Amino acid sequence: MAPGSKAERKAALDAGAWMFNVVTSVATTLTGLHFATTTLMTLVMKWLGYIQPSYLPLPELVKFVFFANLSIVGMNVSLMWNSVGFYQIAKLCIIPVLCILEILFDKVRYSRDTKLSIVIVLVGVAVCTVTDVSVNSQGLLAAVIAVWSTALQQHYVHHLQRKYSLGSFNLLGHTAPAQAASLLVLGPFVDFWLTNKRVDTFNYTSIVTFFIVLSCIIAVGTNLSQFICIGRFTAVSFQVLGHMKTILVLTLGFLFFGKEGLNSHVALGMLLAVIGMIWYGNASSKPGGKERQVYSTPSEKTQKHGILSSQSELDQKV
């Protein structure tokens with residue numbers, strides 16, 4: 001390997017090590033800073049007139065923040081207490097849970113092709129990412145909480161946007177301040193419980209501070225893009241197509257840091273995942289591929305029948 005490529009690889013590994021150190025030490029508090037930055041962005045957008053006044057009931061906001069914060073803590077704990085392989089399996093389980101939520105609460109019906117495409121995506125991502133799999137009782141509990149809270153939070157995003165006619169910016173303007181406040185208050189205690197380290201005693205060097213600020217800036221786009229994608233499509237589509245990020249990360253890793261770890265097993269998984277995503281996009285967009293079923297109540301049927309009967313009598317008189 002050339003000296004230049006060795007230096008680049010070392011720099012990338014050093015950056016990754018610093019980022020891993022920051023995230024594992026102050027993960028929950030860091031997320032609070034992310035939402036605080038997002039809140040600042042929404043305030044600027046309101047001041048510029050891009051976000052119009054909107055309404056979201058307090059009980060709905062409290063439920064959303066509960067699911068969202070539980071998802072953040074659950075995912076962090078799941079990653080700490082489980083192997084990377086089992087953590088990846090848990091993340092994949094979010095998709096079938098979201099499907100169940102859409103079927104139960106949104107009365108969504110999936111075609112056979114849409115179901116098969118989802119299975120192909122799950123199998124493909126699992127094949128190329130899941131390696132070592134070990135689990136224990138507390139890790140399993142953390143994974144279950146993480147999966148269900150994440151699914152409920154993402155499903156709730158679509159529900160609130162549809163029910164209260166909220167745009168992505170509007171919903172983020174309601175939820176970001178509440179999440180920032182709650183996470184910044186509870187975050188230091190949660191992080192101390194998880195790592196036995198106090199946030200205020202962490203060694204905030206210039207490099208660490210740089211990565212914290214950088215992550216806050218990136219988080220604004222991440223938070224907004226999640227609301228935009230779920231609002232325009234659904235939480236299931238967001239999760240299915242979101243696994244393209246995993247494939248891109250693997251691909252870029254192989255391109256920039258050598259082919260170590262790339263084998264026929266991983267290549268097959270990546271190919272299956274991409275095929276599944278393309279198939280899902282095509283199948284779900286077709287008529288009947290994924291649609292919400294609307295059921296008429298007896299009173300609605302009676303009312304419609306009465307209107308039709310009146311119209312028929314009027315036609316006969318004419």
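Placed from the backbone N, Cα and C atoms, the Cβ positions cover glycine too.
All annotation found in TrEMBL is predicted automatically rather than curated by experts.
Checking the ranges 82-100, 139-157 against TrEMBL, the transmembrane segment annotation falls on 139-157. Only residues 6 or more beyond the boundaries of the transmembrane segment (61-79), in the same chain, are considered here, and those with a CB under 8 A from a CB of the stretch are 27-28, 31, 87, 90, 139, 142-143, 145-147, 149-150, 152-153, 156-157, 160, 174-175, 178-179, 182-183, 186, 190, 194. Of the ranges 116-133, 139-157, 169-190, 202-221, 233-256, the one with the most Cβ pairs under 8 Å to the transmembrane segment (26-49) is 169-190. Only pairs six or more apart in sequence are counted, and the transmembrane segment (116-133) with the transmembrane segment (233-256) gives three or more Cβ pairs under 8 Å, enough to call it a contact.
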